[in-house]
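First comes the structure, then the notes that go with it.
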Amino acid sequence: MLIGSHVSSTDPLAAAEVEGADVVQIFLGNPQSWKAPTLRSDADVLKATALPVYVHAPYLINVASANSRVRIPSRKILQQTCDAAADIGAAAVVVHGGYVADDNDLEDGFQRWRKALDQLQTDVPVYLENTAGGDHAMARRFDTIARLWDVIGETGIGFCLDTCHAWAAGEGLIHVVDRIKAITGRIDLVHCNDSKDEAGSGRDRHANLGSGQIDAELLVAAVKVAGAPVICETAEEGRKDDIAFLREKTSG
């Protein structure tokens, strides 16, 4: 099982070595900006490495939005991110589900997601990530994810399970992998994060493993059953220990 972390984009391979990571995730630009990613000077090095590199798309992306001033730039930067990810030989691009203005717009939001994927031109796999909060989110509640997947599942989109987000969404982590796989048929990547807040809080505040509100054994169980590469999106101080903890608990 590949276990690693989200690291600084400055020198991801060096960071992986320091943290003992088998796999890394990076941003290719400012995650809070609409500015397109710039080409990396180390693109050839990253493309040649045996270490899988995942890319997290900007947080601003919301292809489900009815607001064209949000939706159209979202589609554009998703395409630009996928293009930049291809340039470094990325394993996949991870993107949040986004949201709509109210529950009456959910079905249209699902269709906007489908249109965005149909228009996307890339050979890099794209993974939808479940999110922590939002009353009208596309990927917070599992029942809503199921409705979205009915519309987009056949496009070949993958799924990234974030443990903190599932906890914050109020979904809990008992049998979480089985429940998601019953919807999507797949889990391609796990973001293994503890949570600083109580279950159902709707707050996306990650904690190092064992230092938050989630029973560490539930995190280990989810990682084991998922059988997918794992990324710890936790604080740099303690992240090396998070990787070592998961590696010890999942070995053998």
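Note: Cβ is positioned from N, Cα and C throughout, glycine not excepted.
For reference, Swiss-Prot has these:
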- H56, H96, E129: Zn(2+) 1 binding site (BINDING)
- E129, D162, H191, E233: Zn(2+) 2 binding site (BINDING)
- H165, D204, H206: Zn(2+) 3 binding site (BINDING)
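Shown on the structure are the features that Swiss-Prot records.
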{"residue": "H56", "record": "Zn(2+) 1 binding site", "DSSP class": "strand"}
{"residue": "H96", "record": "Zn(2+) 1 binding site", "DSSP class": "strand"}
{"residue": "E129", "record": "Zn(2+) 1 binding site", "DSSP class": "strand"}
{"residue": "D162", "record": "Zn(2+) 2 binding site", "DSSP class": "strand"}
{"residue": "H191", "record": "Zn(2+) 2 binding site", "DSSP class": "strand"}
{"residue": "D204", "record": "Zn(2+) 3 binding site", "DSSP class": "coil"}
{"residue": "E233", "record": "Zn(2+) 2 binding site", "DSSP class": "coil"}
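A straight line from the CA of D204 (Zn(2+) 3 binding site) to the CA of H96 (Zn(2+) 1 binding site) spans 12 Å. The binding-site residues recorded for this entry are H56, E129, H191, E233, and the Cα of E233 lies nearest to that of H206 (Zn(2+) 3 binding site). In this structure, the C-alpha atom of H165 (Zn(2+) 3 binding site) lies 9 angstrom from that of E129 (Zn(2+) 1 binding site). Each residue contributes its Cα atom, and for E233 (Zn(2+) 2 binding site) and H96 (Zn(2+) 1 binding site) these two points are 15 Å apart. In sequence order, A57, Y59, V94, V95, Y127, T131, C160, D162 are the same-chain residues whose CB sits within 8 A of the CB centroid of H56, H96, E129, the residues recorded for Zn(2+) 1 being left out. Using the Cβ center of E129, D162, H191, E233 for Zn(2+) 2, the list of other same-chain residues with Cβ within 8 Å runs, in sequence order, V94, N130, C160, L161, T163, C164, H165, V190, N193, I231. Ranking the binding-site residues H56, H96, E129 by the distance of their Cα atoms from the Cα of D162 (Zn(2+) 2 binding site) places E129 first. If you take the Cα of H56 (Zn(2+) 1 binding site) and the Cα of H191 (Zn(2+) 2 binding site), they are about 11 angstrom apart, rounded to a whole number. Each of T131, A132, D162, C164, A168, H191, N193, S195, R203, R205, E233 belongs to the same chain as H165, D204, H206, is absent from that list, and has a C-beta within 8 angstroms of the C-beta centroid marking the Zn(2+) 3 site. The Cβ neighbour count for H191 (Zn(2+) 2 binding site), using a 10 Å radius and every protein chain shown, is 24. On a Cα basis, E129 (Zn(2+) 1 binding site) lies 9 Å away from H191 (Zn(2+) 2 binding site).
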